[in-house]
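K.L.:
I am attaching a structure below and will ask some questions about it afterwards.
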Amino acid sequence: MKRSKKPLAVKLSAMLLLAISVGGEVRAQSGGGLYSRPPDIGRQETGVPEALKNVRIEQRLGEQVPLDITLRDETGQLVQLGKYFGSKPAILALVYYECPMLCSQVLNGLLGSLNTISLTAGRDFEVLIVSFDPREKPELAAAKKKSYMIRYVRPDAEQGWHFLTGDENEIRRLTDAVGFHYAFDQRTGQWAHASGIILLTPQGRVDRYFYGIQYEPRDLRLGLVEASENKIGSPVDQLLLYCFHYDPVAGKYGPVVLNIVKLAGAATVLGLGVLLFVLWWRESRRAQRATGGVT
């Protein structure tokens with residue numbers, strides 16, 4: 001006697017309904033904000049001279065950077081910041097070119113990540129390296145650009161890198177807009193500052209902060225895709241952005257468990273649906289053959 005397939009089909013149908021109900025329950029339980037207010041990122045106040053206590057990065061997400069800020073590029077040409085905006089997002093790194101260590105580590109970390117991702121400076125985004133030391137001149141900027149363009153492994157991409165200098169008032173307008181607070185340490189004769197890079201939208205608004213001196217290539221790519229308002233990137237990036245969300249506190253992308261569960265649930269529902277269809281099709285074929293044999 002042939003074993004009936006109905007119990008298996010019933011079980012699979014029950015599993016299908018369970019997967020759908022679990023997805024609905026997860027959606028119902030999601031409601032609160034994902035993240036709390038981001039803290040200021042900077043030095044601990046204990047033991048720090050009074051003049052350096054305000055050295056930090058203060059998040060200004062959504063802030064409009066003044067596009068009429070006037071700086072000088074590495075050739076000495078006066079340029080307005082707005083020249084670099086309009087159609088592409090930008091990466092902003094605030095450094096000073098004669099920094100003995102930290103600024104070079106920031107630029108090295110940025111370069112390493114950009115050499116890894118498929119997006120290219122000049123084509124997909126702009127890179128703005130701005131010295132916050134008003135004493136530095138275009139000659140220093142040109143030398144710094146030359147040293148980094150040798151190591152950026154993309155043909156003709158140097159047009160997307162801009163090494164800029166400016167006077168104190170214009171620099172302050174920029175640093176204040178993005179919340180980058182720094183100070184000159186008279187004791188060491190150096191600038192005290194935090195480390196990180198900032199992503200700006202094509203309109204010049206602050207969109208993302210990445211802290212430290214190493215930047216995860218995946219995070220940097222996803223940040224650029226989001227900052228571009230999804231004008232660059234691939235369908236895979238859109239899927240990753242569904243599963244990963246920018247955490248302003250950590251300054252990086254982390255998994256969104258809810259969305260991962262949703263995708264897993266959808267895949268389960270689809271798989272069970274396909275399996276049920278195959279079982280139904282096989283039963284139909286078997287019934288047709290049996291009927292044909294009788295006639």
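For all residues, glycine too, the Cβ spot is worked out from N, Cα and C.
These figures come from a predicted structure and were not determined experimentally.
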K.L.:
Of the candidates C99, C243, which does TrEMBL name as forming a disulfide with C103?
P.N.:
C99
K.L.:
Cβ-Cβ under 8 Å from C103 (Cu cation binding site), same chain, 6 or more residues apart: which ones?
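P.N.:
Counting only residues 6 or more apart in sequence, the Cβ neighbours of C103 (Cu cation binding site) under 8 Å are V95, Y96, Y97.
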